[in-house]
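Take a look at the structure below.
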């Protein structure tokens, strides 16, 4: 799966260990999600195009580089809201396009219930964020929708992923690069990532 990138780094592995622990408090969990998301965005943005512009320093004029892509961050509600701030800090001029999905606990399929994209979405590179990439259903439907709206370039960032979901996703969207901090063992009978870290949304918003 050439479109799947698992980012190996000692600091990511250290932070993931704390993130997984059930004793980790919500405020610390949010901080770790923020930090790991920044690492992943750094990797996902390596091929962003640049343009040269002229500026004046305090000493003289010089040529510097500036991002030449319009970016749209697409958090999948609600858990991805914990990742949004870190991406915004790195790309403050980005727009945000919200995508709302809720998982049907019986079928394990993602039901699409809300979307709010910027008017120029088709002209932007979409960075979809969702901390958990489990069955792949939500990711597939999110990319299906974005492509139906004319979005040409999509990247996906998740903290944890299951191999089953990544394989299924790659079969449907091999043109979408996925950046994850760790690929876990798999899924349990309820479709949750194992060993995982629990429900990311509940841990971010302290609703356990």
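Glycine residues also receive a Cβ, built from the backbone N, Cα and C atoms like all the rest.
What Swiss-Prot annotates here:
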| type | residues | note |
| --- | --- | --- |
| BINDING | 78, 103, 130, 131, 132, 133, 134, 135, 136, 137, 138, 199 | 5-phospho-alpha-D-ribose 1-diphosphate binding site |
| BINDING | 193, 198, 199, 200 | uracil binding site |
For the uracil site built from 193, 198, 199, 200, further residues of that chain with CB within 8 A of the site's CB center: 79, 131, 132, 160, 192, 196, 197, 201, 202, 203
Three-class DSSP secondary structure - residue 132 (5-phospho-alpha-D-ribose 1-diphosphate binding site): strand
Cα within 10 Å of residue 193 (uracil binding site) - qualifying binding-site residues among 78, 130, 132, 134, 136: 132, 134
Other C-beta atoms that fall within 10 angstroms of the C-beta of residue 193 (uracil binding site): 26
Cα separation, residue 200 (uracil binding site) to residue 138 (5-phospho-alpha-D-ribose 1-diphosphate binding site) (Å, whole number): 15
Residue among the binding-site residues 136, 198 whose Cβ has the most other Cβ atoms within 10 Å: 136
Residue 134 (5-phospho-alpha-D-ribose 1-diphosphate binding site) versus residue 198 (uracil binding site) - Cα distance in angstrom: 12
Those binding-site residues of 78, 130, 134, 136 having Cα within 10 angstroms of residue 199 (uracil binding site): none
